[in-house]
């Protein structure tokens, strides 16, 4: 099979992970040199013939997989990124972490081999779970699923009550909100936009040429709705289903706008994303869409990659900067050659995800640095029924136009949702997961609630003989990219937390919810990793006894009829559970061995750091101290480095507002006098 077939056919693909991760393993000898815009233009032109060859091959592969379903007309399936291209500005970057790391696979392999020597052959017979499944179990689960579908309205009533409570807390009335938004509102169904083409959107030739070469001819609904409004310079609040092509929906109008801006050495557009991986994908898509535009430069400001190299790149004042919120603020404050004074367009991608990750303060700080009167703002969010989202919209946008494409709370039409009733058998979940993974053929993403659980599952499955990768916040940037590369190339199972729920754009056949998410919205984000662009996909969810899990199942059945109970051979599960219990000692040994190796590595890092501090002491001390906006706020609110609790902080703020702030510090004598006065006044009252 051709390597290109592994990628999903949407414009949001992350085709360049191979090149990034390969380069991150090598130490860069020099910092990124300052490139002129002319040189960048030549580099883009050198890629034309290469992209053309891959575009033709990908077009033929996409046509071979065409389906007659209506959904195929709604999504563009003629486009596919090529794995042969390079990321000019990222491939030689260093990662912030050292290349040295613990080889967990080797530790697991040794433990597995030692277990085999001690216990003999542990190979199990796969069996046929569909034939051996308990019929009574299946009937019970089917009846419960039917009942859940019938009682779906009851779940909605509960949600309506919660919504009423939220509405009571809000200060703004419906009339105020209506006045805040522009009168024009776009709420479009996919079928209404089938006939639209990019030519009808009146885009410039360089953009049309790049779209044509990439095989991208028919815009998705969100692109057809958003691009014309964005080209008018209006602010936009867009809500669309995950994987609907929103990356191109905001990149195309930005590039179109920059075509008519006179050459200037300043950054004109900033794109904010919640994760580094998504920022890398957006950078890749933008570079491909702008390959025929003269002197168009892209920059990145994300955590995990070398800070110095990013500073060198930002010195060139790239036209478009893709960033994560924290690193962008760091560069604005501490990189002297980088400025946001001339920014004309601000994109907030996956705003709901940013707020979930706790970036509210960072977003507020960025918005204060780029006043909304000077910029056009496009905000994209998968969900809008959130008070924090509404607050962010009012803070960041000026008379925005709403664009709502898909009906809320829906999942892809070709997704089959399967549910496994766990009941009170939580301890059997690893065994059930192993049984499923042995049966499934194709790439599978397993979602867990915590990174500790994800890591432990990797060890358990590894000791049982499965090769799996993990992706979560406890990993370094180098480890993340290496694991994504492995998942794309030779590993079929990726265990991850919600970090990757909206960051991966690799073709995935199965999504397993090992732990059910907290909300139905997060559930839709997770299962949205499969059944994309009109393809078929399957989600399998382990459902517990909590009301939270039950409500998610009710909503899933109500909004998608393709929901079934999956049959499980519980006798086979019990056998696998016995093996897992026998491996409990080995699991603890692997965790302990990994912990010791990590401590040794950390000690070596501290030693190297101390040596560097001594060796380069003068150079380090001569550098200006890096600042952070939160530190300055706390420094302003505290005295002599002492922490101020919320009660004292509020009292200090009230004194300032009333003009009663003390101009001196109370002495011991002052406090004694106050106590004496208080006692005398209390005696008089008596």
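Using N, Cα and C of the backbone, Cβ positions are placed for all residues, glycine too.
Per Swiss-Prot, region 'Disordered' is recorded for 17-77 (among others).
Taken from Swiss-Prot, the feature compositional bias 'Acidic residues' covers 17-30 (among others).
Look at Swiss-Prot and you will find 47-56 (among others) tagged as compositional bias 'Basic residues'.
According to Swiss-Prot, the compositional bias 'Acidic residues' annotation covers 60-71 (among others).
Annotation source Swiss-Prot lists region 'Disordered' at 94-192 (among others).
Swiss-Prot lists 120-142 (among others) with the feature compositional bias 'Acidic residues'.
Here Swiss-Prot flags 155-179 (among others) as compositional bias 'Acidic residues'.
Per Swiss-Prot, the feature compositional bias 'Polar residues' maps to 181-192.
Marked as motif 'Q motif' by Swiss-Prot: 196-224. Residues belonging to the motif 'Q motif' (196-224) score a mean pLDDT of 91 in the model.
The ATP binding site annotation in Swiss-Prot covers 240, 241, 242, 243, 244, 245, 246, 247 and is backed by sequence analysis. Classification of residue 240 (ATP binding site) by DSSP places it in coil, neither helical nor stranded.
Annotated domain 'Helicase C-terminal' per Swiss-Prot: 414-581, in sequence order.
Feature annotation from Swiss-Prot assigns region 'Disordered' to 638-686 (among others).
Marked as compositional bias 'Basic residues' by Swiss-Prot: 639-650 (among others).
Summarising the annotation, Swiss-Prot assigns compositional bias 'Basic residues' to 674-686 (among others).
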The motif 'Q motif' (196-224): DSSP-derived helix, strand, coil residue counts: 16 helix, 0 strand, 13 coil
Around the Cβ of residue 247 (ATP binding site), the count of other Cβ atoms that are within 10 Å: 27
Other C-beta atoms that fall within 10 angstroms of the C-beta of residue 245 (ATP binding site): 25
